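Visitor: So that we are looking at the same thing, I have put the structure below in C-alpha cells.
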Amino acid sequence: MGDLLGVAVLGAGHMGADHIRRVDQVVSGARVVAVADPDTDRAKEAVAGLDAVTVHEDAVAALDAAGVEAVLIASPGPAHEEALLAAFARGLPVLCEKPMVPDSTGALRVVEAEARLGRRLAQIGFMRRYDAEYQRLKSLLDSGQLGRPLMLHCTHRNVSSPPYFTSAMLIDSSVSHEIDAARWLLGQELTAVTVLSPRSSANAPEGLLDPQLVLFETDGGALVDVEVFVNCGFGYQVRCEAVCESGSARIGDDHTMVVTTRGSTHEDVPLDYLVRFADAYDREVQSWVDATRQGLVTGPSVWDGYASSAVAEAGVRALDSGGRVAVELAPRPDLYGNVSR
Ligand SMILES: NC(=O)C1=CN([C@@H]2O[C@H](COP(=O)(O)OP(=O)(O)OC[C@H]3O[C@@H](n4cnc5c(N)ncnc54)[C@H](O)[C@@H]3O)[C@@H](O)[C@H]2O)C=CC1
Ligand SMILES: O=C1[C@@H](O)[C@H](O)[C@@H](O)[C@H](O)[C@H]1O
C-alpha cells in the first residue's frame, strides 16, 4: 500500500459523486484512483479536477485498474452483488452503500461468499451508526439508565423521492436505515413486520403508496414503528424516540441552530440526507479508510446487510398482503458473532 489508499468508486451518481468529493477533500489517508459508471460523462464530471483517475464504463474493469486497493460501491442496489463478489474474488476491502443487495437471496450469497473467505472484507454503508445523535442514544440505552427499551418510534421523511422510486423502495431503500438502526440500538433481531398505508399524499407520484406506517416486532419483545414519507415536501426529518421502562430519549431535532427573535422562533430544517448526515458520512468513510489501512474491517457487516434485506423483504410482502409477515433469517455464520452491537 502506498501513502494513500487507492480507492475505486463504482457509481458516480448522487452518492458516488459525494463520496468521490469526500475521499478527495475530506478524508485523510486515501485517494480516488478509478471511477466506474455506465454513464461515463457523469463519471468524468464527478472527477473533474482530480489527478490521475481512470474512468471506466464497466464496474468490474475498474477493480483491475492500476493502483486500486479498496472499493467504494455507490451504484444502484441491484448492481451491488456482482461488484461485491468481484471485489471478494480479488481480495479487495469494500465499503458498500445500502441496501447491500436488495433481495435477500442475493444478499445471502454475499454472506456465504465472505464466510467462505473466512475473514471480513466488506463494511455496509449504514451511516447512522456514525451519527453523533444516534451514538449518544446507543450509549444511553447500553448504559441501562433508562431500563429496558420497550418501543422505538421513528420518523423518516424525505422532501421528494427520485423518479424511479417504487412503493417497495420506501421499505427496502428508505426504511432499511431504521431496520439497521433498530437492530443496532436494541441489540435485537426484528422478527415480524406489518405495514399499513393511509390514502397516498397528493404530492406523491401516481401509484406510489406514500406515506406508509411500518411496525416491527423484535425477538426481545420490543416494538418499532416507522412513519416513512418520502414526498413530504417540507424537509428531511429523521427522528427516533426510545421509550424504556424508566424513561425515554429522543433524537433528530438537535442538529440545527434555533434562532429566536421578537415573537418567533426559527429553526432550519435540512432538505436532504447529504446535509443532515454529512458528519456521519465523513466519519463512516474516514473510519473505513483508517481500518482498511490497518488491515481491519469494522462497522456494519454483510450479515447486517443481509438481515436488513431479509427484514425489508418481509416488509414488502406485508405491504402487498396487508397482513403480518414473519422474518426468516438463515443461520448466521460464526464469522459474524452475535446480533449486531
Ligand atoms: N447512505 C445513504 O444515506 C444513501 C445511500 N444511497 C445508496 O447509494 C446508492 C446509489 O444511489 P444514488 O447515488 O442516489 O443513485 P443515482 O441514481 O444518483 O446514481 C447511481 C449511479 O450509478 C450508475 N450505475 C448504474 N449501474 C452501475 C453499475 N453496474 N456500476 C457502476 N455504476 C452504475 C448510474 O449510471 C448512476 O450514475 C444506492 O445503493 C442507494 O441506496 C443513496 C442515497 C443516500
Ligand atoms: O439512503 C437514502 C436514500 O437511498 C433513500 O431513498 C432515502 O429515503 C434515505 O433518507 C437516504 O438516506
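Using the three backbone atoms N, Cα and C, a Cβ is placed for every residue, glycine included.
The domain 'Gfo/Idh/MocA-like oxidoreductase N-terminal' annotation in TrEMBL covers 6-121. The feature domain 'GFO/IDH/MocA-like oxidoreductase' is assigned by TrEMBL to 134-249.
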Visitor: Tell me, what is the mean pLDDT of the domain 'Gfo/Idh/MocA-like oxidoreductase N-terminal' (6-121)?
Guide: 97
Visitor: Pull the DSSP breakdown for the domain 'Gfo/Idh/MocA-like oxidoreductase N-terminal' (6-121) and write it out as helix, strand, coil residue counts.
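Guide: Secondary-structure breakdown of the domain 'Gfo/Idh/MocA-like oxidoreductase N-terminal' (6-121): 52 helix, 23 strand, 41 coil.
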Visitor: Sort the residues of the domain 'GFO/IDH/MocA-like oxidoreductase' (134-249) into helix, strand and coil with DSSP and give the three counts.
Guide: 29 helix, 41 strand, 46 coil
